[in-house]
Amino acid sequence: MADTVRSMVPRDGQTGRIGIRRETPSCCGGTLSSSYNNAMDTLKGLHEAIIDNDVDVVCKLLQEGADVNSIYNQETAFSKALAVGNDIIISKIINFETFDPNQPNRAERSPLFNAALRGRNDVVRVLISLGAIIDQRDYQGVTPLGATAYYNHGEAAELLIQHGADVNSESNNGETPLYRACANVSDTVVEVLLRYNCDVNKKPKSNHSQNRTPFMEAVPSKYQEEVQGKQKSKMLDIMKLLIAQGCDINAQDSRGNTALHYAIERTETLAVCLLAECGADLHLLEENGLSSFEAALSHSEPRYEIATYLLAYGFEIERCLANKPREDVKAAWESLLKTITLAPTSVRAMLLPLTIQSAPLFHQFSYEEKDKFKCLNEQEQEIVLRYFHKECPPTLEKLCRKVIRRHIRPCILRNIDTLPITWSQKRFLAYNFCYKSHNPLKLYELQLAIQEGNHKMAEQLLNIGLDLNTAITEQTPLTVAAIVGDIEMVKLLLKHGANPLVKDNQGQTAFHVASRFGHIPVLEVLFSHGVDVDIPNIQCETGLVCAAAHGKFETVLFLLSKGANPNKPNHSGIFPIHYAAGSGNDIVTSSIIENGGDIHVLDALGNTPLHVAASRGQMYTANNINLPYLYKSEVLMHFDAIKLMASPPSTSYFRENVVKHLDVIEILISAGADKASLTNDMLTPFKVAEKYRFFDSFVLLQ
């Protein structure tokens, strides 16, 4: 705050005074009623002057007797001034002789609460010096210290604690400041509270939030990340702080869920790996009897990748089925194998072998029952039957592995690495999982560092020897960097051995991803590392058609200048020239033609570029083929697609200043486009224009 507030000093007799809310007296006398009305008019004027930032009027009304502590429209003069943020007015109110530092507003929030809530450390200091009650609660029972947790005001939190604030104070529903800080991703406040030894395991009351611990609240969520705009790295940092402080990592809520169950439910694979690395019990059951592994696979959208890592970190399927009857075990196995067959191929390749090795239960099956595995493909059946032939009964070596793994739980992978044995023996104990170069926790942390642009963290992780060509959540580190468009990160990854030609699990290279998102500087870096301009993805698409399909026409022009072939379609059978014509981009249409683009080429629907331009692209949008360049925003594009189901599309959503379908039609005709060509529905370009009511084009197309 300005020097005006720093100069405030306590007034005589002010210390420790508890404010009393001014209530409106009930009166019948005319004089008293008139006085009341005058007082209310003055109070109203004071609040209006505060809102208008009119310092002179505020001072005048205070001198005329405006009650600085009375409530008007839910607020006191102080809380209103604090919300407006005028430091001079705040100073005038605080220094006014009748100001009560403990007078709350209608929500029972004291001046100290409001100052702490807004992180006004200078005001907090002054209010404390004036005798503000440190732990005065609002209507929800939240103290000023609890208020600092809403918006991560760590310095204010420390000030309050140093002046006696209770670090474990509970609100009406039992929430502590730590619980609230974790729930609001207030990492700085969490650090302060832990430094002053708050209770890390204190839960709210049993009827609130399923009795979750602060640690459970710290587990990352899409809501915090995508709606509240919080960084996932901060959520994970809070988890690490709590673990370091000795929180109960295996605490269960009222439904039996642990933090691990919450991480699985939210598909937070990085959090799952962190918990497993830090010794979480993978076998604890929630109220429905589901372990972490079962919870991962029983979801409507099974978390296959998480299930894979749980096995690598030491989950034992056998332990869950050990006491069940033979028929139940067989049924569970059959169900498990069928579930695994639905996993993406890349995940299934890891999940199936780990499942077989971590659950030596095939002695429950006779050889004649091998048809139970027909749900698998030939290669997978071979894996299972090879185990059936060679591993049953299990060898002494395999039995020893099982015993050793049980004795070094939890933190199996970390403990394996500390054993005084050879690398091949460590790999054997880890079920051949290469936990160093493919360490899931470190790879996920690297991906997160790339997404958040944390170059320092990325470099630290790159120096430990991770395999940079391994896909995590479908993408390699390099394709993630290409999506973000971080040139320096791309260079850093290439420097440490990332292969620009490697495809991720979606079949895309970094080149295709950069083209799709229009990151030309990234493409230039990739060109400098020898990437061919027409390199195909798994669907045989070039970067040029990827850029055109997503409306990145500056990138299209750039790739054409590098010699890209304009006559290669995407997997939908649509060519770059069709996308340019449908999008009404005259410059790109001309450039494609100049670079050898075929103006007579038919798309998969039998349309020439002229047909598409004659419809103003609406024959594509009517078939759920997006043309992002057309629209003012992505929201309008999707809204227009919905309207198409009930009525003709609206061009009112188009970017009128750049969409030039008439110019495109003229360019195509000048280049020799056939005005008599027919679509699969036997429509000429003119008939298409008539169908889509593009009346301005009739003269050109006749």
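Glycine residues also receive a Cβ, built from the backbone N, Cα and C atoms like all the rest.
TrEMBL has this to say about the protein:
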DOMAIN    382-431  domain 'SOCS box'
REGION    1-22  region 'Disordered'
REPEAT    41-73  repeat 'ANK'
REPEAT    107-139  repeat 'ANK'
REPEAT    140-172  repeat 'ANK'
REPEAT    173-205  repeat 'ANK'
REPEAT    255-287  repeat 'ANK'
REPEAT    473-505  repeat 'ANK'
REPEAT    506-538  repeat 'ANK'
REPEAT    572-604  repeat 'ANK'
Inset, instruction - Could you tell me what the rest of the chain brings near the repeat 'ANK' (572-604), counting residues at least six beyond its ends with Cβ under 8 Å? - result: 544-545, 548-549, 551, 553, 556-557, 560, 564-566, 610, 612-613, 615-617, 619-620, 625, 627, 629-630, 654, 658-661, 663-664, 667-668, 671-674, 677
Legend entry - Arithmetic mean of per-residue pLDDT over the repeat 'ANK' (107-139): 96
Legend entry - Contacting positions for the repeat 'ANK' (41-73) when only residues 6+ beyond its ends and CB under 8 Å are counted: 19, 21-22, 80-81, 84, 86, 88-89, 92-93, 96, 98-100, 103, 105-106
